[in-house]
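Data first, discussion second: the structure below is written as structure tokens.
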Amino acid sequence: MSDRGGAGGSRRRRTGSRPSGQGGGVRDVGAGGDAPASAPEKDKDRDADVGGSPWDLRCHRLQDSLFSSDSGFSNYRGILNWCVVMLILSNARLFLENLIKYGILVDPIQVVSLFLKDPYSWPALCLVIVANAFAVAAFHVEKRLAVGALTEQAGLLLHTLNLATILCFPASVAFLLESITPVGSVLALATYTILFLKLFSYRHVNLWCREHRASAKAKAEGQRGAAQPPGTVSYPDNLTYGDLYYFLFAPTLCYELNFPRSPRIRKRFLLRRLLEMLFFTQLQVGLIQQWMVPTIQNSMKPFKDMDYSRIIERLLKLAVPNHLIWLIFFYWLFHSCLNAVAELMQFGDREFYRDWWNSESVTYFWQNWNIPVHKWCLRHFYKPMVRRGYSKWVARTGVFLASAFFHEYLVSIPLRMFRLWAFTGMMAQIPLAWIVSRFFRGNYGNAAVWLSLIIGQPVAVLMYVHDYYVLHHEALAAEA
């Protein structure tokens, strides 16, 4: 050992290199340190390492395991990829089992029957067309308010009657007309609900403009008004049919006089969104027919027998396809559809969702998964209540009450039964939000939010399907 060390030292002296005294036998590289070492240089490094002190031979240091929280390690991308692979494999097994057990159940003709009972009767489409009358009525009320032909009290009364009719008229038709299907009713009622929210915002913003015009006129009496920026519209020049229908078709619920506009239509971007819309529509229909419908049908007997263990098993079995379809629906609607409409209309604000998947509280989820509705609630419901002296808790509860009403409105009327499962599920978010924020933090809070989404929706689905089955099929069988 000493001979080799001496030989190594003599070689270092002959080559003129300086041995390092800072451990590990590190060479003094200099400017050319990035160049690969030659074979003689590797020999010198090995000889220097072996010939050093015992402290130079150490290979351990004070450190934590990577899974310990104190290690500061956070790159778990490989584990995430493993989870994705396992998820794909497990769902592929379930899908293969479904095919072996039931065969191919996808039937495009059956999809058409969900929208139409009679090919010569299109009640849902007629309802959507009639909705234009309510938009035109709101427009003319605003035109007369702008020129002072109506008082604010009379305008408020007319807008209230118009908005109330928007909710009651399609509900009456869907509930009383036998030729309309539940799916057609949902689409028609969703259209009228969107129209209600848009016209509420339309009236609200124009009212603010009139109030601002009156206050500005009183303050600037005898003074020259400030010039408008070029290319912008001011009140009442916004009261045109073109402006109204741009807002009605724009992917937003909140009205503005001057929306942000994109400079051009990106054809490739639009084509990608349209192809996504087509693909994910077919995928959702296939998954519902092939995966969800058999599971729901097999869940009726455990519900009828009140076999709780089988009910829980069916609930967990339904949770996987239901949640997968919900995620696909989210991407299809909020990314593909809304971006396609925005691109066609050159609508510039594309924030239709935020990072709700990172939600560590129920409140954060509801504030970020549906931005158009959140902006409307914040602008036209929550802030006005707070400005009128209500507490933030009361205002927040009011927002959940309104959301619960519309959820029940879109489910109970098309099914023609009132069970309040959707209303109860939405109102249950208030205590759930308190429990999650009080007892769960960080990743535990995020897991609690995901668990509520995965389990909560199948519970509501099974409740409504069971009640619908009992009300329609068993009652008809008993009568027969």
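Every residue gets a Cβ built from N, Cα and C, even glycine.
Predicted automatically and left uncurated, TrEMBL annotations should be read as such.
Record features, source TrEMBL:
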REGION    1-50  region 'Disordered'
COMPBIAS  21-33  compositional bias 'Gly residues'
COMPBIAS  40-49  compositional bias 'Basic and acidic residues'
TRANSMEM  120-142  transmembrane segment
TRANSMEM  154-177  transmembrane segment
TRANSMEM  183-200  transmembrane segment
TRANSMEM  274-293  transmembrane segment
TRANSMEM  324-345  transmembrane segment
TRANSMEM  393-412  transmembrane segment
ACT_SITE  His407  active site
TRANSMEM  418-436  transmembrane segment
TRANSMEM  448-466  transmembrane segment
Legend entry - Segment-segment contact (the transmembrane segment (393-412); the transmembrane segment (183-200)) at 3 or more Cβ pairs under 8 Å: yes
Legend entry - Other C-beta atoms that fall within 10 angstroms of the C-beta of His407 (active site): 18
Inset, instruction - Could you pull out which residues elsewhere in the chain have a CB under 8 Å from any CB of the transmembrane segment (324-345), counting only those six or more residues past its ends? - result: 91, 246, 249-251, 262, 265-266, 269-270, 273-274, 276-277, 280-281, 283-284, 287-288, 292, 352-353, 369-370, 372, 453, 457
Inset, instruction - With pairs restricted to those 6 or more apart in sequence, evaluate whether the transmembrane segment (418-436) and the transmembrane segment (448-466) have 3+ C-beta pairs under 8 Å. - result: yes
Inset, instruction - Could you give the residue numbers and ranges of same-chain residues that sit at least 6 residues beyond the transmembrane segment (183-200) on either side and whose C-beta is under 8 angstroms from one of its C-beta atoms? - result: 114-116, 123-124, 127-128, 131, 134-135, 138, 159, 162-163, 166-167, 169-171, 173-174, 247-248, 253, 255, 373, 376, 380, 406, 409-411, 413-414
